[in-house]
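Student: Below you'll find the structure I mean.
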Protein chains: 2
Amino acid sequence: MNEKLHEIKKMLQEDGYKLTPQREATVRILLEKDKEHLSAEDIYMLVKDKAPDIGLATVYRTLELLSELRIVHKLNFGDGVARYEITSDDEGHHHHHIVCLECGKLEEFEDDLLEEIEKRIESTKNFQIVDHRLSFFGYCKDCKDKPKSERPKMKIE
Amino acid sequence: MNEKLHEIKKMLQEDGYKLTPQREATVRILLEKDKEHLSAEDIYMLVKDKAPDIGLATVYRTLELLSELRIVHKLNFGDGVARYEITSDDEGHHHHHIVCLECGKLEEFEDDLLEEIEKRIESTKNFQIVDHRLSFFGYCKDCKDKPKSERPKMKIE
DNA sequence: CTTATTGCAAAAGTTTTGCACTATA
DNA sequence: TATAGTGCAAAACTTTTGCAATAAG
């Protein structure tokens, strides 16, 4: 069992949850596809290869549990499906999302500027921050100047 | 007819669309509630007061049209409902969310620091940003020291 | 053993669509 | 008058839930 998986198992157990084969298979997929933004359906399909008897509801329940424990981030890019990605280990290296509202193209960028804002909030509001989420929405270079008729249809990878 | 509405009428007509009474009623609501994040259902209810015969499908179609024309922003907070707000003229009026994971309390705060990041993205990536979402998650001063097991489910918005 | 977890199917909830009718430019 | 737009109901989706059966610790 790989190291990260073992760590997740411990996180689950600390909160009284079991690492069932279904949960393990789901986590394995998430670890494997750690740079992708998979929908529940995507994950379900991938997990099914390894554990054919798993149900979609279980995938949803697992993803919700992992979200609660902040083992995964639940993301929303506005196309009507939630997407999930495993939470990265390295603190202070948050990546943010830049989403094109037209074609759905997604870019990422790293920035530590938020740390500064966080510190300010923590001191002025006496609020202990454990996570943040930042997304920018707009129009990418391919879409922003195109006449509307030529714009590609939105499709998120 | 107020100025902004007239401007929107012109934007519609330039693209060959008509400003029907239903669309006008919808736009009026959006202009009126310009600081709120209304779901299609919310808007439907509000529009119904003024135009009782309007159908929900028409509201959806209108909102999609206005989104395409970039007259409204379609937003997603991750709670399974799309929200809409009229595209604001005045830049620099963004508010961010601070969500307590324990009690679900939501605070807002204004900050212009993101403008700086936005400008950098706009120039380095040639990406026209129209909106952003920034949320911080953590524990408010009242909940900071409560046991983890009692945390209620997070509720966005 | 105990009780959390699962699969299934049904339900819930949001958004889209087909179609005949209407009304705008 | 031509055709874009509408209301309604049904369809299409994604996500959640109830429940009896199962299995993890």
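Cβ from N, Cα, C; glycine included.
TrEMBL does not curate its annotations; it predicts them automatically.
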Student: If TrEMBL gives A:His94, A:His132 as binding Fe cation, which of A:Glu107, A:Glu115, A:Glu116 does it give for that site as well?
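Tutor: Given A:His94, A:His132 bind Fe cation in TrEMBL, the matching entry from A:Glu107, A:Glu115, A:Glu116 is A:Glu115.
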Student: I need the nearest neighbour of A:His94 (Fe cation binding site) among the binding-site residues A:Cys103, A:Cys140, A:Cys143, using C-alpha distances.
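Tutor: Minimum Cα distance from A:His94 (Fe cation binding site) across A:Cys103, A:Cys140, A:Cys143 lands on A:Cys140.
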Student: Sub-8 Å Cβ contact with chain B: please pick out which of the binding-site residues A:His94, A:Cys103, A:Glu115, A:Cys140 have it.
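Tutor: Near chain B - Cβ to Cβ under 8 Å - we find A:Cys140.
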Student: I need the CA-to-CA distance for A:Cys143 (Zn(2+) binding site) versus A:His132 (Fe cation binding site), whole Å please.
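Tutor: Checking the Cα atoms of A:Cys143 (Zn(2+) binding site) and A:His132 (Fe cation binding site) gives a distance of 29 Å.
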Student: If you count other Cβ atoms within 10 Å of each one's Cβ, which of the binding-site residues A:Cys100, A:Cys103, A:Cys140, A:Cys143 has the most?
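Tutor: Going through A:Cys100, A:Cys103, A:Cys140, A:Cys143 one by one, the largest Cβ count within 10 Å is at A:Cys100.
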Student: How far is it from A:Glu115 (Fe cation binding site) to A:Cys100 (Zn(2+) binding site), counting Cα to Cα, in Å?
Tutor: 25
Student: Please identify which of A:His94, A:His132 has the densest Cβ environment, defined as other Cβ atoms within 10 Å, among these binding-site residues.
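Tutor: Top count of Cβ atoms within 10 Å goes to A:His132.
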